[in-house]
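Here is what TrEMBL records for this protein:
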type: ACT_SITE; residues: SER63; note: active site, phosphoserine intermediate
type: BINDING; residues: SER63, ASP275, ASP277, ASP279; note: Mg(2+) binding site
type: BINDING; residues: GLU369, ALA370, ASN371, ARG497, PRO498, SER499, GLY500, THR501, ARG506; note: substrate binding site
type: DOMAIN; residues: 50-87; note: domain 'Alpha-D-phosphohexomutase alpha/beta/alpha'
type: DOMAIN; residues: 117-169; note: domain 'Alpha-D-phosphohexomutase alpha/beta/alpha'
type: DOMAIN; residues: 175-282; note: domain 'Phosphoacetylglucosamine mutase AMG1'
type: DOMAIN; residues: 296-434; note: domain 'Phosphoacetylglucosamine mutase AMG1'
type: DOMAIN; residues: 454-524; note: domain 'Alpha-D-phosphohexomutase C-terminal'
Amino acid sequence: MFGEVSQKSTQHPKPKGLTLQYGTAGFRTTAKHLDHVMFRMGLLAALRSKKTKSTIGVMVTASHNPVEDNGVKLIDPMGEMVTPAWEGYATQLANAEQEALCTVLKNIMETDAISMSETANVFVGRDTRPSSESLTKAVIDGVSCLGGHSQDYGLVTTPQLHYMVRCRNTHDCYGTATLQGYYEKLSKAFIELTKNALNRTDDQKRLLVDGANGIGALKLREMEAFLKYELQVALFNDGSSGKLNHLCGADYVKVHQRAPEGMHMGPGERCCSFDGDADRIIYYYNDTAGRFRLLDGDKIATLISMSLKELLTQAGLNIQVAVVQTAYANGSATRYLKDVMKVTVCCTKTGVKHLHHAAQDFDIGVYFEANGHGTVLFSKEAEKQIRQLVKHSNANDEKKRAAKLLASTIDLINQATGDAISDMLVIEALLAIRGMSIQGWDTLYTDLPNRQLRVKVADRQVIDTTDAERHVVMPAGLQDAIDTLVKKYKQARAFVRPSGTEDIVRVYAEADTQEGADGLAYEVSLAVYHLAGGTGEEPKPLK
Ligand SMILES: CC(=O)N[C@H]1[C@@H](OP(=O)(O)O)O[C@H](CO)[C@@H](O)[C@@H]1O
Ligand SMILES: [Mg+2]
């Protein structure tokens, strides 16, 4: 077996000296440096499968990054991101020089007591990047080297592959592990929900979708027929001519706070953008004065948690709803959730795996990053109570109706991971049932003006943070400097942290006015530059 690994690995050579890290979202870099990484992740996925005696997923994608890049993410048995200890193994394997590869493999097998006599099953999927096809082959090569079986799903969104893995390992209790199964389950739940929205006009059913010229556009097209015109999608940036993620997609819209290119938005029309692998979604519209209005992950979490809470009350169920956010959540959102809606709010480090983990502690955990990546997790007990009430024949009509709506919402949500298609259908259904327009949703609260900046430093690891990344511990003096600056502005908050995906430090600031948020972000950037080893040009004030 090791002989075959040695021999095959020469067909997937590692460029000498190249080191990569399994970051917040797996490996990600220019596609031409990734062939050996893919082969090795095939090996690792086979080991993980033997270890867990379950099917493991490998998704080839670089999400919102440029088309020339690529990347890979490993998926654990319940459809969640791979456990942190194995991220370390992934980094070791990816960086082993050719001659040390088998030793690293043997070490992992010994440390984790992996029996090679176990079978290995790996589900593989890819996005629409031109490099993804050959990189997928390298993954499959790695799996078969260790005697594993691969099932290649071809072109799928990242969350679709997470879903398949979860279905397989729950023996189809969660759903059928096919694209058809995914479309049928979600569309059935969506149609069930929208039946409760009376007299919906075609205008209300209409949604403009920016597919980021990626896989989400392809898969939404496939799904349309299943939705039976209950949703009327006008699809833009469908990949037929534009470049993946170029001037479009959820990341572009959120970062630039601007509509994507190539989308024709009428005033007040409801619009959304997927990112390049369709695991994020952002909503927006132009108001009557022609101003662009963004509804981000915080607003999505607010709509969903508010609706779930109301339905639980109507159903007479005592089930707790909590919202999990990161430090990037807008201060207005956090305040609204805590003070007006009275829901438990908790804050974790950036990165979906942290939010997902924290959300598992609640009966119902709604988690969203401000950038639009998130989902809802239902505890077994919460789901059981809801489904029992649906079956309960004595329940009065209102209670039963609410329980049915909750049950369909559970079916519509992809609990394995954040899923742009599933989240979009949940949002569309909830707005329809509530009879709420996008303007009405937007005015639940008003975002505090905010600004994100990036600072280049020699070594971003000199910054150490605590309290879910809201406070700097090192370098000395930086937190004091931030505290002093924050005091100069009204309703202000600011924090800095090293990015987990790029070689930069991120600065976030919010204040009562845009000028204030811009000024504070700039001043904090300067403090980072001077106290944390800034390189290149000194940050300049924003115009
Ligand atoms: C501020 C921000 O949006 N950060 C993003 C970004 O992480 P950084 O660690 O900030 O680079 O990429 C992550 C992976 O996609 C995503 O989970 C996260 O929300
Ligand atoms: Mg993504």
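Placed from the backbone N, Cα and C atoms, the Cβ positions cover glycine too.
Note that the structure is a prediction, hence the values are computed from the model and not measured.
Overlay of TrEMBL feature records on the structure.
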{"residue": "SER63", "record": "active site, phosphoserine intermediate", "Cβ neighbours (10 Å)": "28"}
{"residue": "ASP275", "record": "Mg(2+) binding site", "Cβ neighbours (10 Å)": "34"}
{"residue": "ASP277", "record": "Mg(2+) binding site", "Cβ neighbours (10 Å)": "35"}
{"residue": "ASP279", "record": "Mg(2+) binding site", "Cβ neighbours (10 Å)": "33"}
{"residue": "GLU369", "record": "substrate binding site", "Cβ neighbours (10 Å)": "25"}
{"residue": "ASN371", "record": "substrate binding site", "Cβ neighbours (10 Å)": "23"}
{"residue": "PRO498", "record": "substrate binding site", "Cβ neighbours (10 Å)": "19"}
{"residue": "GLY500", "record": "substrate binding site", "Cβ neighbours (10 Å)": "14"}
{"residue": "ARG506", "record": "substrate binding site", "Cβ neighbours (10 Å)": "23"}
So which of ASP275, ASP277, ASP279, PRO498, listed as binding-site residues, have a Cβ under 6 Å from an atom of ligand 1? none
For the domain 'Alpha-D-phosphohexomutase alpha/beta/alpha' (117-169) and the domain 'Phosphoacetylglucosamine mutase AMG1' (296-434), decide whether they are in contact, meaning at least 3 CB pairs lie under 8 A, counting pairs 6 or more apart in sequence. yes
Subset of binding-site residues (GLU369, PRO498, GLY500, ARG506) lying within 10 A of ASP279 (Mg(2+) binding site), CA to CA, in sequence order: none
Checking the contact step here: among the recorded positions SER63, GLU369, GLY500, which have a Cα within 10 Å of the Cα of ASP275 (Mg(2+) binding site)? SER63
What's the CA-CA gap between GLY500 (substrate binding site) and the residue listed as 'active site, phosphoserine intermediate' in angstrom, rounded? 15
To the nearest Å, how far is the Cα of ARG506 (substrate binding site) from the Cα of ASP277 (Mg(2+) binding site)? 23
Sorry to bug you, but what's the C-alpha spacing from the residue listed as 'active site, phosphoserine intermediate' to GLU369 (substrate binding site), rounded to the closest Å? 15
Same-chain, non-site residues whose Cβ lies within 8 A of the SER63, ASP275, ASP277, ASP279 Cβ center for Mg(2+) are THR61, HIS64, ASP127, THR157, THR158, GLY214, GLY216, ALA250, PHE274, GLY276, ALA278, ARG280, HIS373, ALA420
Averaging the pLDDT values of the domain 'Alpha-D-phosphohexomutase C-terminal' (454-524) gives 96
